[in-house]
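Trainee: Below is one structure. I have some questions about it.
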Amino acid sequence: MKARKSLISLAMDAVSLESNTVKSPRHSSLSPSAPIPHLHRSQRLFISLKIYRQSSLGLIIRRSFMADFKSNSRDEVLVQSGSVENGEINETVGPNYAEIIVIRHGETEWNADRRIQGHLDVDLNDAGRQQAVAVAERISREPKISAVYSSDLKRAFYTAEIIAKSCGVPEVTKDPDLRERHLGALQGAILNEIAKVNPEAHKAFLSNQDDQEIPGGGESFNQLYERCTLALQRIAQKHIGERVVVVSHGGTIRALHKRASPHRRPTGRVLNTSVNVFHLTDKNKWIIKSWGDVSHLDGTKFLESGFGGDRNSG
């Protein structure tokens, strides 16, 4: 525990020592003596993490953490929060697995308003469309994308269409099993108001019982887990030796994480258009190669908005 605290302290020192040299996303340069412009907390946190990742001290700490992670985990999983190295995947897909790049849809107005969507079909807002263009440009730099799959809900499908066009994939294959969890009577409600609006459904929503269905026709976590993991397995079986893209939803992506790493929770929120890379082998083994990459949103005005709405479950 003392060693872990020391590492955290070193990380904070690295951020403190190097923070005055970082370039602001809204300013071309900042000298060490220049005042730091006012930024939202989420932007300050992102910049601090970026400094930490780029520092040599940060590299030492990350290596130490990953060594500890691997030695204590029963799952074969590399969970990397933040950017994939150099912002690229750049791997040749082996003959015995499929590489599946799982991406959360762009932002919607309901995400921004913290309104629960579930199976309700809400379109992207302007920020969400910008996010989709940004992630599409990032994915287009990867080696050949063989196919693009998507939930049939508009917010995912429109994100997938933009990605497919950038990658030269002629069409997007819709799969309803990639949908968000159906949240029953809670759908359409503001997250902060559901305890008052529908206490019974709110209690079910917070339940730790994975077989607890949400009143009003909602799904249990187990029902979500079964349909979305089977969907990803079907896709993988069709594309062994290939790289494909799947666009889905926050709750669904967390369920996929649990299938790959049942003993560990995802690190942080599943942000809008975050990139999460899975390898599914021909023997049905799941490996997480990277998690939560939002490097394509670096320095953009809509990075902050990507944090909103994840707890709305999609």
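Glycine too: its Cβ is placed from the backbone N, Cα and C atoms.
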Trainee: Out of Arg155, Arg179, Arg181, which does TrEMBL tie to the same substrate site as Arg104, His105, Gly106, Glu107, Thr108, Glu109, Trp110, Asn111?
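Mentor: Between Arg155, Arg179, Arg181, TrEMBL records just one in the substrate site with Arg104, His105, Gly106, Glu107, Thr108, Glu109, Trp110, Asn111, namely Arg155.
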Trainee: What is the Cβ neighbour count of Arg104 (substrate binding site) at a 10 Å cut-off, with all protein chains included?
Mentor: 31
Trainee: Cα of Arg155 (substrate binding site) to Cα of His105 (active site, tele-phosphohistidine intermediate): how many Å, rounded?
Mentor: 6
Trainee: State, in Å as a whole number, the widest CA to CA span among the substrate-binding residues Arg104, His105, Gly106, Glu107, Thr108, Glu109, Trp110, Asn111, Arg155 given in the record.
Mentor: 15
Trainee: DSSP on Thr108 (substrate binding site), three-state: which is it?
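Mentor: The three-state answer is strand.
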Trainee: Tell me the Cβ neighbour count for Thr108 (substrate binding site), meaning other Cβ atoms within 10 Å of its Cβ, over all protein chains shown.
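Mentor: Its Cβ has 25 other Cβ atoms within 10 Å.
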